[in-house]
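Sequence annotations record features per position, and here Swiss-Prot assigns Mg(2+) 1 binding site to 84, 103, 105 based on sequence analysis. Summarising the annotation, Swiss-Prot assigns Mg(2+) 2 binding site to 103, 106, 268 and lists sequence analysis as the type of evidence. Feature annotation from Swiss-Prot assigns substrate binding site to 106, 107, 108, 109, 196, 262.
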């Protein structure tokens, strides 16, 4: 089996991006160890702090954020970073070529129940000139790499450098990420959906109707039965979609009119959308292709509908949108 470094060499990924991706991979190994130790290391539970989103930070949120910050600061290829756990962008190395956006521990509410969590990351080219928030506000199609690391029964990385989506599995003995799927492909059709049904009454009418039709099964307009899956961690739900197809959504809702969206564009929706598109799937807000959105702020939130291409198209048809054409890639 090829190592991560060997695969990046075969893909002719340049040396600076290769080094950055290896830095992220090495740091994820350390994070995997921290997650695995859990209560034995006293890292479970919450802090008394909130992040900029107003969410109470778990101890491991802070620990993993610091681990990634320290590693990226030591990597001369990184110009700056943005994190779910940082109020503002962080300048790193003046000569760095790349910007890194990340969610250090997605699904951290799962930590205390020993369920799935992961790290999500996005790599963008660093524009010339002074570094500020505007430097990061690039559409998702500008990403030069994106991926996540899932800390489950085995530690797995999903990665794209724009040459399809690959899976790597961390070998326990060698501590190397080994290529275990060189061309992940999402099935175009599916009978599985992932959504937080407890919010159903707050959704827009198109999504309420779409889900209601799925629940009607064989007696409804879809004329087939669907199963629901929900891990409560985007990284876990998207991993399942990449492995066996499905549609995942965190749609617009009016539960809190001031916050109609849940997921963050720059370090959740964009990297996942690129992974999904590179695996043959689609990703939309319901009204706009996610990778085409021009960001307006680093912690911007968006609605997300992604997964099996034909099922995403069907969902979008309920929204009055025809996205049956292939997305254009600059």
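From the backbone N, Cα and C atoms, a Cβ is placed for every residue, glycine too.
Tell me about the surroundings of these features in the structure.
The secondary structure of residue 84 (Mg(2+) 1 binding site), as reduced to three states from DSSP, is coil rather than helix or strand.
The local packing around residue 268 (Mg(2+) 2 binding site), expressed as other Cβ atoms within 10 Å of its Cβ over all shown chains, amounts to 26. In the three-state DSSP reading, residue 268 (Mg(2+) 2 binding site) counts as helix.
According to its DSSP assignment, residue 109 (substrate binding site) is helical.
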Residue 107 (substrate binding site) has how many other Cβ neighbours within 10 Å of its own Cβ?
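I get 21 for this one.
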When you rank 196, 262, 268 by Cα distance to residue 105 (Mg(2+) 1 binding site), which of the binding-site residues ends up on top as the closest?
268
Report, in whole Å, the straight Cα-to-Cα distance of residue 268 (Mg(2+) 2 binding site) from residue 103 (Mg(2+) 1 binding site).
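So the Cα of residue 268 (Mg(2+) 2 binding site) lies 7 Å away from that of residue 103 (Mg(2+) 1 binding site).
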Looking only at 108, 109, 196, which of these binding-site residues has the biggest number of Cβ atoms within 10 Å around its Cβ?
108
